Amino acid sequence: MVASLIRLHFYDCFVQIGLMHGCDASILLDETPTIVSEKTALPNLGSVRGYGIIEDAKREAEKTCPGVVSCADILAVAARDASTHVGGLSWTMKLGRRDSTTASHTFAEPDLPGPFDPLSRLIFAFANKGLSTRDMVALSGSHSIGQAQCFLFRDRIYNNGADINTGLASTRRHRCPQEYQNGNLAPLDLVTPNQLYNNYFKNLRQQKGLFQSDQVLLSGESTDDIVLAET
């Protein structure tokens, strides 16, 4: 669930960060007659988890400080603490975020980065939110933990022999048959799947990025030096 909380926070922030919003818990809003929920956006549907943990924490906060602690603050703190729990960085943050009353489904569908994105698309997507290429590479390092469904990397392990480690491809094929079982899960990092650590970048040097959008960060293009500096 650690990876789920970090991802939930990132997806909440990323959608509107370039519009001076973001990190507003809009991703938690359910579908209503007047709200098209971000939960139903294609990148989130059936894959984003952790909603219940934030709702439970909010319920407990309301017992002590009714109307004071926002879901947005709870989500931000939960992601920070999840990071430290698995050996990642901690950081100081200001509180006082306000919860959104509207969702951002319109932006979530086209704006969120995906596992098949080429490097040019990743750089553009982050730049469009005011984030640098270095920011993009650093944030991609969160793929040191968590799991992915087979359909998100099946083509890579069966049909893309040029830039994938043969051992990784073979191991993942055992977990993900060439057909069916799309929902089977496999760790993003074969070596340290439960640690938020720079092994993600070391894996890229060995062509062990599970997503295509991971391995493109070290593929002879503009982000190579940034990745190598992290190893």
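Every residue, even glycine, has its Cβ placed from backbone N, Cα and C.
Reviewing Cys71, Cys150, the cysteine that TrEMBL connects to Cys176 via a disulfide bond turns out to be Cys150. The record in TrEMBL pairs Cys23 in a disulfide bond with Cys13, which is drawn from Cys13, Cys65. Least crowded of the binding-site residues (Asp12, Asp189), judged by neighbouring Cβ atoms within 10 Å of its own Cβ: Asp189. Nearest Cα neighbour of Pro113 (substrate binding site) among the listed recorded positions (Cys13, Gly22, Asp24, Ser26, Cys176): Cys13.
Here the disulfide-bonded residues are Cys150, Cys176, and the one whose Cβ sees the fewest other Cβ atoms within 10 Å is Cys150.
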